[in-house]
Amino acid sequence: MKDLHNREIKSLRISITPQCNLNCFYCHKEGHNIDNNKLMTPTEIGEMVKYSLKYGINKIKISGGEPLLRNDLPEIIRNIKNLKNNQIKDISLTTNGILLEKYAQKLKDAGLDRVNVSLDTLDPELYKKITGGNVELVKRGIEKAVEAGLKPIKINFVVMSNTVGGLNDIMDYCRKMGVILQIIEFMPVDEKLKKYHYDINKIEEEISKKSDKTMVRKFMQNRKKYLVDGLEIEFVRPMDNTEFCSHCTRIRLTYDGLLKPCLLRDDNLVDVLTPLRNGEDINKCFIKCIDRRELYFKE
């Protein structure tokens, strides 16, 4: 199905919990304050995905909070994988990696295809300062994900004024591990954080000079990919980027069952969990969400 601006809807991003085991100072805390009565069950998540298939969804991204805090995550993945008439080509997970060592093989066995791991620095002290966590746990989790056969594995590196100095180390690490590096523009959630913003155009300019090959991901906001000495690098720009909006093919579902037409807005959400629990037809909820998508983000 296409929205009113002729963009096909291909991807559903599901936040399954707002809880997290880290405390990153820049986090936008996707989702809402937790209410266990509203938390979607594995069965309900499966039902949501089943309905979404009618509208062309063929990719599922599971996120949080930290999704690995839900012990029933393998069940959630199996429920999605085992849907009848399943056209899902890709089930992926975004995680901070702290618990990945424990769950990587279980997730692969349940049907997970690939994983994105957040890693802003390899420096133990800086990592602890940014997140409050232990970077060695993340590295062990990435190793287990590689061993389990989850692929491609992508490392989400958020560029900030205090992390950009470690870019070369991150590149070397990703090359050694055989994983993809995503260089992500930092989105300040308030005025106090603007000092951490770093212009990634400078980085891309340098990377492009070293690149052996350049590609464009047409259905992912026309993102450019570079191949540098065997390392694949992508740039992700959510800020002031018309391509990010005009090529957006994704809708989002919060942990408490609200459909989000836009990543950056919370004023046009559609409640889909209440109608589902009341035994109502939720097709109209998906249609309403898709119809509320605008061509560009407006504040």
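Here the Cβ of each residue, glycine as well, is placed from N, Cα and C on the backbone.
The C-beta environment of LYS154 (GTP binding site), restricted to residues of the same chain at least 6 apart in sequence and closer than 8 Å, consists of ARG114, VAL115, ASN116, VAL117, VAL179, ILE180, LEU181, GLN182, GLU234. Positions annotated as GTP binding site by Swiss-Prot, on the basis of sequence analysis: ARG13, LYS61, THR94, LYS154, ARG250, ILE251, ARG252.
Residues annotated as [4Fe-4S] cluster 1 binding site in Swiss-Prot: CYS20, CYS24, CYS27. DSSP classifies CYS24 ([4Fe-4S] cluster 1 binding site) as coil under the three-state reduction. In sequence order, ILE130, THR131, GLY132 are the residues near CYS24 ([4Fe-4S] cluster 1 binding site), counting only same-chain partners six or more apart with C-beta under 8 A.
The S-adenosyl-L-methionine binding site annotation in Swiss-Prot covers TYR26, GLY65, SER118. DSSP assigns GLY65 (S-adenosyl-L-methionine binding site) to coil in the three-state reduction, outside any helix or strand.
Per Swiss-Prot, the feature [4Fe-4S] cluster 2 binding site maps to CYS245, CYS248, CYS262. According to DSSP, CYS245 ([4Fe-4S] cluster 2 binding site) is assigned to a helical segment.
Taken from Swiss-Prot, the feature domain 'Radical SAM core' covers 4-229, and the record attributes it to sequence analysis. The domain 'Radical SAM core' (4-229) scores a mean pLDDT of 93 in the predicted structure.
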Span of the GTP site, taken as the largest CA to CA distance across ARG13, LYS61, THR94, LYS154, ARG250, ILE251, ARG252 (Å, rounded to a whole number): 21
Neighbourhood of TYR26 (S-adenosyl-L-methionine binding site) by C-beta distance under 8 A, where only residues 6 or more apart in the same chain count: ILE130, VAL158, MET160, PHE186, PRO188, VAL189, LEU193, TYR196
For ILE251 (GTP binding site), the one of CYS20, CYS245, CYS262 that lies nearest, given that the binding-site residues are compared by Cα: CYS262
Separation of alpha carbons, ARG252 (GTP binding site) and CYS262 ([4Fe-4S] cluster 2 binding site) (Å): 7
In three-state DSSP terms, the structure that THR94 (GTP binding site) belongs to: strand
